[in-house]
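Participant: Feature annotation from TrEMBL assigns domain 'Glycerol-3-phosphate dehydrogenase NAD-dependent N-terminal' to 7-159. Residues or ranges marked as NAD(+) binding site by TrEMBL: Gly11, Ala12, Gly13, Ala14, Trp15, Gly16, Ala140, Arg255, Lys272. The feature NADPH binding site is assigned by TrEMBL to Trp15, Arg35, Lys108, Ala140, Arg255, Leu273, Glu275. Look at TrEMBL and you will find Lys108, Arg255, Asn256 tagged as substrate binding site. For Lys108, Gly136, Ser138, Lys191, Asp244, Ser254, Arg255, Asn256, the entry in TrEMBL reads sn-glycerol 3-phosphate binding site. Taken from TrEMBL, the feature domain 'Glycerol-3-phosphate dehydrogenase NAD-dependent C-terminal' applies to 180-315. Look at TrEMBL and you will find Lys191 tagged as active site, proton acceptor.
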Amino acid sequence: MSDFARIGVVGAGAWGTALANAAARAGRTVTLWSRDPAAAAQMTAMRENPRGLPGVALEDAVQPTADLADLADCDALLLVVPAQACGPVAAALGEKVPPGTPLVSCAKGIERGTGAFMSEVIARAAPDLIPAVLSGPSFAADVARGLPTAVTLAAVDTDLARALAAALGSASFRLYHSADVRGVEIGGAAKNVLAIAAGIVAGRRLGASAGAAITARGFAELLRFGAAFGARSETLTGLSGLGDLILTASGPQSRNFALGLALGAGTAADGKLAEGAYTASVLVAMAQTRGVDMPICAAVEAVLAGRLSIEAAIEALMARPQRSETAGP
Ligand SMILES: NC(=O)C1=CN([C@@H]2O[C@H](COP(=O)(O)OP(=O)(O)OC[C@H]3O[C@@H](n4cnc5c(N)ncnc54)[C@H](O)[C@@H]3O)[C@@H](O)[C@H]2O)C=CC1
Ligand SMILES: O=C(CO)COP(=O)(O)O
């Protein structure tokens, strides 16, 4: 197995830039690709990414580029563009890099229109590359600054997951490996929708008790969805599921929480990428196909679509028939 000395990071937003720094700290040589030549030139000149992650210096081993061909000699690639862009970007990569190169999705979402998870998007768009997934509680700003962070890296081939985790790990960035690709990608996608719900509760000033209730009952929805779509429960209760839900449902450093906060408070959203807003409808539609009850996620979807007021959503959730807390009678 390769030692993955050369890592390519595809997408130079906040998370791509943070992961590029993390990989450099792990001793890798890193090529950081931006689709925007001006942004790549600016990063090269300033040794910083002022658009994606202002105030954080790029590590010396990070080389920015806007040429996809510069990724061709990388041993593994991290795909760090928004979930809805992963298909076309993976397809373009498939034409530039050698067959068998691992392509690790670091996006958190589900493809709209197809209901494909990110590993499925990669398998369809770039069938000669090997899909893997990296997810877990990790704010870009924290990782970029070298604050202690732990995430999960999953691939069908456990040896590959272990080797990639070893290659990217450092004193401040700890990776656990897993073979449960589906579980890891479901946690990251679903928690974003639930973080919007938690933000709405905070924005409406419904109280800390309501915040805890929405997070715990939201997690029950994540568990039900995961079980229906083949995730392992230990994965869903681990870093990439419960861990990331705790992080993003806790406060406005999460862009999904911040979107919910603005919705709840009736103020303007900041316009930053909130993946849950794109995932909500496809998540709810997929749940319906398997008879999975997800009332909180459905309420978030209806609020985002403008079909339901926040007042009506709260009233409807509180008025649901009393039931057992668990699946039993
Ligand atoms: N920011 C964070 O703390 C974390 C983000 N993530 C996930 O990483 C993914 C990316 O998020 P961020 O980097 O934070 O977002 P961002 O908005 O900071 O950056 C997205 C980047 O992707 C580029 N991009 C957009 N569409 C593209 C396309 N069609 N082709 C090529 N490049 C394109 C943009 O130019 C931008 O540089 C999301 O799925 C997010 O959920 C995961 C963990 C942490
Ligand atoms: O996924 C994240 C942390 O793990 C980042 O969350 P937001 O996209 O909500 O900012």
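Including glycine, each Cβ sits where the backbone N, Cα and C put it.
Annotations in TrEMBL come from automatic prediction, not curation.
Since the structure is predicted, the reported quantities are computational estimates derived from the model, not experimental observations.
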Participant: Could you list, ordered by sequence, which of these binding-site residues: Gly136, Asp244, Ser254, Arg255, Asn256, have a Cβ under 6 Å from ligand 1?
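Facilitator: Qualifying residues: none.
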Participant: Quick one: of Gly11, Gly13, Gly136, which of the binding-site residues has the smallest count of other CB atoms within 10 A?
Facilitator: Gly13
Participant: Return the members of Gly11, Asp244, Arg255, Leu273 (the binding-site residues) with CB less than 6 angstroms from at least one atom of ligand 2, or none.
Facilitator: Asp244, Arg255
Participant: Between Ala140, Leu273, which of the binding-site residues has its C-beta surrounded by the fewest other C-beta atoms within 10 Å?
Facilitator: Leu273
Participant: Measure the Cβ-based neighbour count of Glu275 (NADPH binding site), defined as the other Cβ atoms within 10 Å of its Cβ.
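Facilitator: A count of 24.
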Participant: Using DSSP, tally how many residues of the domain 'Glycerol-3-phosphate dehydrogenase NAD-dependent C-terminal' (180-315) sit in helix, strand and coil.
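Facilitator: Across the domain 'Glycerol-3-phosphate dehydrogenase NAD-dependent C-terminal' (180-315), the residues distribute as 100 helix, 0 strand, 36 coil.
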Participant: Sequence gap of 6 or more, C-beta under 8 Å: which same-chain residues meet both conditions with respect to Arg35 (NADPH binding site)?
Facilitator: Gly11, Ala66
Participant: If I take every residue in the domain 'Glycerol-3-phosphate dehydrogenase NAD-dependent C-terminal' (180-315) and average their pLDDT values, what number comes out?
Facilitator: 98
Participant: Cβ atoms within 10 Å, counted per site: which of Lys108, Lys191, Arg255, Lys272 has the most, among these binding-site residues?
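Facilitator: Of the binding-site residues Lys108, Lys191, Arg255, Lys272, the highest Cβ count within 10 Å belongs to Lys191.
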Participant: How many Å separate the Cα atoms of Asp244 (sn-glycerol 3-phosphate binding site) and Gly13 (NAD(+) binding site)?
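Facilitator: The Cα atom of Asp244 (sn-glycerol 3-phosphate binding site) is 20 Å away from the Cα atom of Gly13 (NAD(+) binding site).
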Participant: Which one is it: of the binding-site residues Ser138, Asn256, which Cβ has the fewest other Cβ atoms within 10 Å in this structure?
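Facilitator: Ser138, out of the binding-site residues Ser138, Asn256, has the fewest neighbouring Cβ atoms within 10 Å.
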Participant: I want to verify one value. Collapsing DSSP to three states, which class is Ala140 (NAD(+) binding site)?
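Facilitator: Helix, per DSSP.
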Participant: Might you list, by sequence position, any residue in that chain lying six or more from Trp15 (NAD(+) binding site) with a Cβ less than 8 Å away from its Cβ?
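Facilitator: Long-range Cβ contacts: Val80, Cys106, Ala140.
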Participant: Gly13 (NAD(+) binding site) to Asn256 (substrate binding site): how many Å between their Cα atoms?
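Facilitator: Here the two Cα atoms lie 16 Å apart.
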Participant: Counting only other Cβ atoms and using a 10 Å cut-off, which of the binding-site residues Asp244, Ser254 scores lowest?
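Facilitator: Candidates: the binding-site residues Asp244, Ser254. Fewest Cβ atoms within 10 Å: Ser254.
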